[in-house]
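J.: Below, the features straight out of TrEMBL:
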BINDING   Gly52, Val55, Asn59, Ser298, Asn330, Leu395, Asp398, Ser399  Na(+) binding site
DISULFID  Cys157-Cys166  disulfide bond
TRANSMEM  46-64  transmembrane segment
TRANSMEM  76-97  transmembrane segment
TRANSMEM  118-145  transmembrane segment
TRANSMEM  213-233  transmembrane segment
TRANSMEM  242-268  transmembrane segment
TRANSMEM  288-312  transmembrane segment
TRANSMEM  324-348  transmembrane segment
TRANSMEM  383-404  transmembrane segment
TRANSMEM  424-451  transmembrane segment
TRANSMEM  457-477  transmembrane segment
TRANSMEM  497-519  transmembrane segment
TRANSMEM  539-559  transmembrane segment
Amino acid sequence: MKKLQGAHLRKPVTPDLLMTPSDQGDVDLDVDFAADRGNWTGKLDFLLSCIGYCVGLGNVWRFPYRAYTNGGGAFLVPYFLMLAICGIPLFFLELSLGQFSSLGPLAVWKISPLFKGAGAAMLLIVGLVAIYYNMIIAYVLFYLFASLTSDLPWEHCGNWWNTELCLEHRGSKDGNGALPLNLTCTVSPSEEYWSRYVLHIQGSQGIGSPGEIRWNLCLCLLLAWVIVFLCILKGVKSSGKVVYFTATFPYLILLMLLVRGVTLPGAWKGIQFYLTPQFHHLLSSKVWIEAALQIFYSLGVGFGGLLTFASYNTFHQNIYRDTFIVTLGNAITSILAGFAIFSVLGYMSQELGVPVDQVAKAGPGLAFVVYPQAMTMLPLSPFWSFLFFFMLLTLGLDSQFAFLETIVTAVTDEFPYYLRPKKVVFSGLICVAMYLMGLILTTDGGMYWLILLDDYSASFGLMVVVITTCLAVTRVYGIQRFCRDIHMMLGFKPGLYFRACWLFLSPATLLALLVYSIVKYQPSEYGSYRFPPWAELLGILMGLLSCLMIPAGMLVAVLREEGSFWERLQQASRPAMDWGPSLEENRTGMYVATLAGSQSPKPLMVHMRKGTSAGGLLYARMTVSAVCIRSTDKMLPCLQGAHSSAETCLGDFKPEICGEEVTAVG
């Protein structure tokens, strides 16, 4: 009898389901919240990191060539139009996703778990790109060290790697200027230095027989990975400081190269060739597609880097302003780089007595053959060569930081309790693994593998990922919800321009790019070498693998749910219960629950005990509107009942209340 009285007088025990984090004590908090994720330590860290990520090698060696081959100055019309339709809206969308959730490319798909495969596809793409991108940085380091001499090694013929076809491309002068050179059947010293000495491509019979490892390239690649690892050692806290130099110093060097270039004789010839408008090109669909491709790849949308950087922002960071600063700054940088490149090419064409189009190239051919050759024609050529390659190094490192930080952040956000305390070790293991996978690029035939990776790793697969992301956010999650989330962060909702682009214009443009890339498919080639069919098939499978991850992720998400197929599909497409801002003070509106008698809104922690074989606890966080809870006639009475189980209450609780969908997932 006394025992019964004691039990009756004992203080009531609050059920687990009603307990907020502050009510549960330190034990549950330690279990439920992971270690500190980290944030940017300075006001400009995020902005400079985004600028460094977007302004990369493509601004120097792709945009100028695309501009002059697609109408010169007229190319700027479709370029800026595609920037407005496709570039700026998608850039803002990816930043908004990352900042609102403070999650990486995998965990951010709590917004709609059905599409988590898109996050996995992002990681595959960025991983493949990071492997070969660092090899390009290794080439830059090779040339940087080679410039530390009184005479550049690619200036003259007569070296052991030169052939009988080598000819020093220097025009002889007469009274009226340079005599034209007959460049037919000849090779410049810089071209043979690149192909026969740096690459040693003559030691390979093709992509199927890569040959031996070039140990000088192997060491340069090792140095590149060591630099990257040291800069991301402490995550954004360390890389955010490095970008103060790597994101700003290239502009100083670019300005020096621009001033030097425009003061050279013949510079105006190259600039005129670069910018002379040819408006008839605008009638060609190819020009518009090229402009969209340049915008798409230059801004780095879909790789996860922007999302990752934004996830380390404070919740109310003005990413709307930052979007316009970065995207317009990227476009202006590309145009300025074109002046710096073509002013030197104009001088080079005058010296050789040949048209500009015979010396202009794109990609590695510009960076490692044409521009180094132009440097040999300048006084103090080693100095200008060193500056040029140092600029390429800083441009490349910024993008590589983003690639690695994306991979590390995505995986650690998935397994925070295991990997966040060991983030340095995990980052080191990622760098070692990618270095080992990139060793094939240091062989005699490594350039063939680099071309294959460049052509297929981030081609149609990346477009499919971005299209899926855009449709999942605007159509499945809902454009109204997404705009409401942005309003929580920035204090205003995106206008009609952004909504129209997210709903129609941007997906349609990307779909047109995808169709064009498939219809106009051309097999890979390097110079006169044509890739064998098995290599083409390998490249296509590489691109398809990233696409297949999306339906594979959908299948996994559906199988994890219960009920009929349609019910599973609906549950998997709804946001997870813990979707929303990561900090409690930022969870307002539908992301908080105000319980009866509480003084402040707090997230409602749902602790459901399930009788699993492991006997463990299933933890989830459910956030519902305070108004909705107070108007629910079943939820609170059920939870307040002394003998009601959490599972019974959740079964009685109707999520479709107050027009909001509230889901409960394990």
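From the backbone N, Cα and C atoms, a Cβ is placed for every residue, glycine too.
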J.: Taking contact to mean three or more C-beta pairs under 8 angstroms, with sequence separation of 6 or more, is the transmembrane segment (288-312) in contact with the transmembrane segment (242-268)?
T.: no
J.: Return the stretch with the most CB pairs under 8 A relative to the transmembrane segment (383-404), choosing among 213-233, 242-268, 457-477, 497-519.
T.: 242-268
J.: When each of 46-64, 213-233, 457-477 is checked against the transmembrane segment (242-268) for Cβ pairs under 8 Å, which one has the most?
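T.: Going through each listed stretch, the top one turns out to be 46-64.
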J.: Sort out the residues at least 6 away from either end of the transmembrane segment (497-519), same chain, that have Cβ-Cβ distances under 8 Å to it, and list them.
T.: 82, 85-86, 88-90, 92-93, 285, 289, 292-293, 296, 459-460, 463-464, 466-467, 470-471, 473-475, 479, 482-483
J.: Taking only the Cα atoms, work out how far Cys166 (disulfide bond) lies from Asn59 (Na(+) binding site), in Å, as a whole number.
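T.: With the alpha carbons as reference points, the distance is 31 Å.
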J.: Taking every protein chain shown into account, which of the binding-site residues Val55, Asn59, Asn330 has the largest tally of Cβ atoms within 10 Å of its Cβ?
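T.: The most densely surrounded of these binding-site residues is Val55.
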J.: Are the transmembrane segment (457-477) and the transmembrane segment (539-559) close, by which I mean at least 3 Cβ pairs under 8 Å that are 6+ residues apart in sequence?
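T.: Contact criterion met.
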J.: Are there residues at least 6 beyond the ends of the transmembrane segment (46-64) whose Cβ is under 8 Å from a Cβ of it, and what are they?
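T.: Long-range Cβ neighbours of the transmembrane segment (46-64): 40, 136, 236, 239-240, 243-244, 246-248, 250, 274, 294, 297-300, 305-306, 309-310, 312-313, 317, 322, 325-327, 329-330, 333-335, 337-338, 341-342, 362-364, 366-367, 391-392, 395-396, 398-399, 401-402.
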J.: Should anything in the same chain at least six residues away from the transmembrane segment (539-559) have a Cβ under 8 Å from its Cβ atoms, list it; otherwise answer none.
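T.: Residues 113-121, 124-125, 128, 452-453, 455-457, 459-462, 464-465, 468, 524, 531, 565, 568-569, 572.
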